[in-house]
């Protein structure tokens, strides 16, 4: 017996102009609301929350509606291990086209000669690259986690710091990468892989200098551009594609894509790997499948393809320009208010501040701001004596502010709101704080008003939000 679709989910008649995929998404949304109103309500509330909060999360961006639609495609029903033209399952004709499209768009966007769009995250991509280029016990060198590095760059908390021998490098007294120390460490320890990249570094990364140092001992250079991929694609940060042997990135932090990773290579894509024979691009292919992943996520790859196309448009390049201008303006405003800005400023989307100057920890600052409708995350800073769940710093990012269409003029408002909350918060302990509930209400009202004036690109405009009588803290 053929089972009929559940009520509300059977295929409805569609207009002649509506494609099968669009009809499926429309039917699916209606069925979700009818069959599972509890879940539908939570998802709706999330959209409202995102639009009414001032998100300054440096590791986030907003995926466009077309990216979200591609990520909900019927391709999710396809199982297809392997690569286009060499699958281990039938029925992958459309998925082959989608993956080829994503690969070509990624190569075009970054000027690469090789791209692998299957990694489920940049962490997965990094670990695949390491497995392709290193043996257990080989030396892996990356920026120290406490100096702004990433877990997968050799932290003991990660498998990368357990399978390989991590030797971290650090920062100089100005908070910038200490190339003198790095040169000495590379000469002493002779790493197999040197990683150029960070999760909390607000300055330009000198990939050419990294390559020179890597070449001095025959190391492979991996550039992890997860945080700055959008700026790289838009020409607002130097591109490492032809300097590094391999480049990795996430696709959601600054590219406005889905959760996922990407492996790229430029002129080095045919360079032999450690065995002296196999080209790097072949090693990368094998390292992802079958060595570290099985079935890829077809709908996610469709969303990546759409995001890469978006990132090739002039509007994306304008957003990238605003991201950098906003970050510099925000850093200047906060510095004028008395906050210590790490490295004295920023070259990218990120501003790192020391909140101990106002008697707070990173976690109390984060929680007080969230209570007021402002999102920023705690972060360790150089010389931090607080544990990772507490920290002494706050990391701010301008990706989503720029996507809202906010510019440098609005950064003075953002800085004022940040200062109003942080200066009014008193510490009870490393994790507890006090703040006047009436001030919380006032700040939340102004935040909602600011957000309504600059809505996210994923939100249908709603009724106007009344302006606050006066700006809080003005």
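Including glycine, each Cβ sits where the backbone N, Cα and C put it.
What TrEMBL says about this protein:
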type    : residues           : note
DOMAIN  : 32-416             : domain 'Serine hydroxymethyltransferase-like'
BINDING : 145, 149, 150, 151 : (6S)-5,6,7,8-tetrahydrofolate binding site
MOD_RES : 253                : N6-(pyridoxal phosphate)lysine
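Locations of recorded TrEMBL features on the structure.
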| residue | record | Cβ neighbours (10 Å) |
| --- | --- | --- |
| 145 | (6S)-5,6,7,8-tetrahydrofolate binding site | 23 |
| 149 | (6S)-5,6,7,8-tetrahydrofolate binding site | 24 |
| 150 | (6S)-5,6,7,8-tetrahydrofolate binding site | 23 |
| 151 | (6S)-5,6,7,8-tetrahydrofolate binding site | 17 |
| 253 | N6-(pyridoxal phosphate)lysine | 25 |
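Note: the Cα of residue 253 (N6-(pyridoxal phosphate)lysine) and the Cα of residue 150 ((6S)-5,6,7,8-tetrahydrofolate binding site) are spaced 14 Å from each other. Within 8 Å of the centroid of the Cβ atoms of 145, 149, 150, 151, where the record puts (6S)-5,6,7,8-tetrahydrofolate, the same chain has further Cβ atoms from 142, 143, 144, 148, 152, 153, 154, 155, 158, 198, 199. DSSP assigns residue 150 ((6S)-5,6,7,8-tetrahydrofolate binding site) to coil, not to a helix or a strand.
Secondary structure at residue 145 ((6S)-5,6,7,8-tetrahydrofolate binding site), taken from DSSP and collapsed to helix, strand or coil, is helix.
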